[in-house]
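Report on one structure; see the data block that follows.
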Amino acid sequence: MMAAVDAILAGKYPAKAHARRVAESLQSYRNGCPGIVYLEAQKTRLIEDNDEPAPFRQRRPFFYLSGCPLPDSCLVYDLSEDQLTLFIPPVDPEDVIWSGLPMSTEEAQNQYDVDRVLVTTELNSTLASIVSSHGGKAIAFTIADQVSESTQFHGFSEVNHSVLKGVIEQSRVVKDEYEVALLRKANDISAKAHIAAIKASQTAVNEREIEGAFIATCIANGAREQSYHPIVACGENGATLHYGKNDDTLIDPVTNQKKRNVLIDAGGEYRTYCADITRVIPVGGKFTAETRQIYDIVLQMQTECIAMLKEGVQWEDVHAHAHRVAIRGLLKLGILRGAEDEIFEKRVSVAFFPHGLGHYLGMDTHDTGGNPNYADKDTMFRYLRVRGRLPAGSVITVEPGVYFCRFIIEPYIKSPESNKYIDTNVLDRYWRVGGVRIEDNVLVTKDGYDNLTTAPKAVDELERLAAS
């Protein structure tokens, strides 16, 4: 499988196809008028009060239409002529002393899927030439606050800052073969890193050691950046969805024994594309009885939800199904009590599963085009990052979870509307579980799905790796 992926990635990133996709969506805003798309790369900048460069992250709209990771660059796409021009910085002799020769225009032409490559000092003359060739009736589409003061749109009939960003973000929802290969590669590297993290738990005494094993494996395999700050949460820390400390001891101060589970939510970024994977590590090679019970519920939630995926499925329906499975499992354990339908309608399960089932994935971890409604008064759907039907070619995370967060659950216990559905005597046995989340990255296809994530999640395999 990965040999075929590497063969695809040996080719050029399909920037021209992406430009054409964006151009098609811009037609209704042009009214037959010629136009251009203008995008800038991220600028190099220094850390505040320092002469060191700040961490660089390429602007996603620019990368989507260029495949170019270089800072201080820009592009122009002539919509009428179907000509994509990349502009890269010229040689700065003083910078060569420190950093060596930069990429030449000839090298860039060979590497990127563009029609021509010029240097940035030629930008304004090129813009003037384009607008002149169209008789001064061209529209320039660009993104607000992402245009340098030195860029000149003299002669253009209109400069539209309002529509391009949204058009690109919607175009990014459906991935092509090359993008899927990038996401699969990011997942493959991240799976190796998760295995390394699981094995590291055997000797680790602090969360940071597990984080270090994950990051080191990503870098060694070609993913130099993380998709997001890793979450490495032992014990009750796992009840915090975006826990970020990653510096707690794995030794329980009461028992002086190792805490028995670590939630790790982490993914490497490969050539701008992200993986986003969550696993729970049975520290010492064995889940506690309570953690295993919750893990089985969450794995069932994920298994059934992934099986529902195909082109056109309503994501809200999949999310609601996850809650149904959670309710059944928690009823069986005795944490919840009462009728399933009543618990569902009263939204009591939100106390244990407060977030959305998943989000689009691509160049951003929480990728664009999901149309969330964070003002939704229905607490079950308020934090669902994707609303509506899933198109074939979209990649979505499926990440159900069950959590025992006192801050979230205690108001439900105190409320007369919901406390009758929660058995606190049974619940008290599960606080130390913290949280269980299982997350995979799944490609939606016409008739089903393709799970891009290969990191182990079966209980026997996790326990074997954690014991090795």
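Including glycine, each Cβ sits where the backbone N, Cα and C put it.
In sequence order, Pro230, Ile231, Asp276, Ile277, Thr278, Arg437, Glu439 make up the list of same-chain residues 6 or more apart from Asp265 (Mn(2+) 2 binding site) whose Cβ falls under 8 Å from its Cβ. Positions annotated as Mn(2+) 2 binding site by Swiss-Prot: Asp265, Asp276, Glu439.
The Mn(2+) 1 binding site annotation in Swiss-Prot covers Asp276, Glu399, Glu439 and rests on similarity to another entry. All chains included, 29 other C-beta atoms sit within 10 angstroms of the C-beta of Asp276 (Mn(2+) 2 binding site).
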Validating a neighbour-count step here. Other CB atoms within 10 A of the CB of Glu439 (Mn(2+) 2 binding site): how many?
23
Within 8 Å of the Cβ centre of Asp265, Asp276, Glu439, which other residues of the chain have their Cβ, at the recorded Mn(2+) 2 site?
Ile231, Ala266, Gly267, Ile277, Thr278, Thr397, Glu399, Arg437
If you count Cβ atoms within 10 Å of the Cβ of Glu399 (Mn(2+) 1 binding site), leaving out that atom itself, what do you get?
24
